[in-house]
Amino acid sequence: KGVNWSSGGVWDSSGSGRSGGSSLENEEVRKVADAMIVEMHAGLAFEGGSKLKMLINYVDHLPTRRENGLFYALDLGGTNFRVLRVQLGGKGRDIVNQQFEEVSIPPSLMTGSSDVTELAKFVAQEGSDFKQSPGRQRELGFTFSFPVMQSSIASRTLLRWTKGYSIDDIVGQDEVAKLAKAIERKGLDMRIAALVNDTIGTLAGGRYNNNDLDASVILGIGSNAAYVEQAHAIPKWHGLLPKSREMVINMEWGNFRSSHLPLSDYDHALDTESLNPSEQIYEKVIAGMYLGEIIRRVLCRMAEEAAFFGDTVPPKLEEPFIL
C-alpha cells in the first residue's frame with residue numbers, strides 16, 4: 001500500500017500525486033491491485049477458483065547458503081534454454097564457481113531431445129575446477145517457464161503453452177519423466193532433483209544472497225510472479241503442513257484479467273488474433289513478447305489515418321511482430 005508505480009512517471013509513497021505521464025490514476029492502480037488480491041485468495045482456496053492458478057510447487061524452503069556441492073541446472077524459457085553448473089561452498093560462503101551456456105531453440109524443437117544433447121555436451125566439458133563428491137550422483141534442477149500442475153517437487157504436467165507456443169501433443173504430459181528418460185538414454189549419471197517455475201528459480205537465487213527476500217517478478221518475454229505464502233493460508237493444500245510452515249506459490253499472474261485493466265482497442269485486437277485468445281491478458285499488456293506488436297499496431301493506424309509515414313504504409317510495418 002505504501003509504494004505505487006506507473007508506466008510513465010513516478011508515484012509518491014503517500015498516494016497524493018504523481019510526476020510524469022501515466023495511463024492509470026492512483027485510484028485505478030489500487031482497484032487493479034485489489035482485484036488481483038481477490039483473485040489470489042480465490043486461487044488459493046481451490047483449483048479452478050480463479051484466473052490466477054496460484055500453483056503449489058512443493059517448495060517449502062529456500063536456500064540458506066549452507067548448500068554444498070556441485071549442481072547442474074537446465075532452464076527452458078521462451079526463446080532459448082540455458083545449461084549451468086555451479087559449485088557451492090556451504091557455511092554461508094558465496095558461490096565458489098559457475099559456468100553457463102545459452103542456446104536459441106525454435107518452438108518446433110522444444111520437445112526435450114535437443115536440450116538434453118546440449119546438456120550432455122556441457123557435462124562433458126566439466127573441468128577440474130569443479131569437484132563432485134565421490135559416489136554422489138549429479139543433481140539437476142530444471143526450471144520451466146510455462147504453467148504446470150505439480151504432484152511433487154520433481155514431477156509435473158504441462159497445463160498450457162504461453163508466450164506464443166502452441167504444441168498440442170505435449171500438453172498434459174509429464175515433461176520431467178520425458179527429460180529423465182532422455183538423460184538416461186544419453187548415459188548421463190544425473191538425477192532430476194527439482195522442477196521449478198523460472199519465477200521460483202529467480203526467488204531461490206535471490207534468497208541465496210538476501211534472506212529477507214520473499215517475492216520475485218519476471219518481466220521478460222512473458223511475465224509472472226512468485227512469493228512465499230504461509231502454508232495454513234492455502235485452503236487447497238491437503239497434505240501435512242511442512243516443517244517450515246511455508247510454501248512457495250507460483251501465481252501465474254500473466255493470466256490475470258479485470259474490468260479495471262485499461263485495455264485499448266489495440267490490446268483487444270492483439271488478443272483476438274493471438275494463439276491463445278482470452279488467455280494471458282495481463283501478460284499481453286506488460287510483457288516483452290507483445291509490447292512491440294502493440295506499438296506496431298498503433299503506428300499502422302497513425303500511418304493509415306494520419307499519413308504519419310507519408311502517402312503509403314511501409315510494407316515492413318504491416319508484418320505482425322516485426323518489432
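Each Cβ is built from the backbone N, Cα and C atoms, and glycine gets one as well.
Features as listed in TrEMBL:
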{"type": "COMPBIAS", "residues": "1-16", "note": "compositional bias 'Low complexity'"}
{"type": "DOMAIN", "residues": "23-208", "note": "domain 'Hexokinase N-terminal'"}
{"type": "DOMAIN", "residues": "216-322", "note": "domain 'Hexokinase C-terminal'"}
{"type": "REGION", "residues": "1-25", "note": "region 'Disordered'"}
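Break the domain 'Hexokinase C-terminal' (216-322) down by DSSP state and the numbers are 43 helix, 17 strand, 47 coil. Looking only at the domain 'Hexokinase C-terminal' (216-322), the predicted model's pLDDT averages out at 94.
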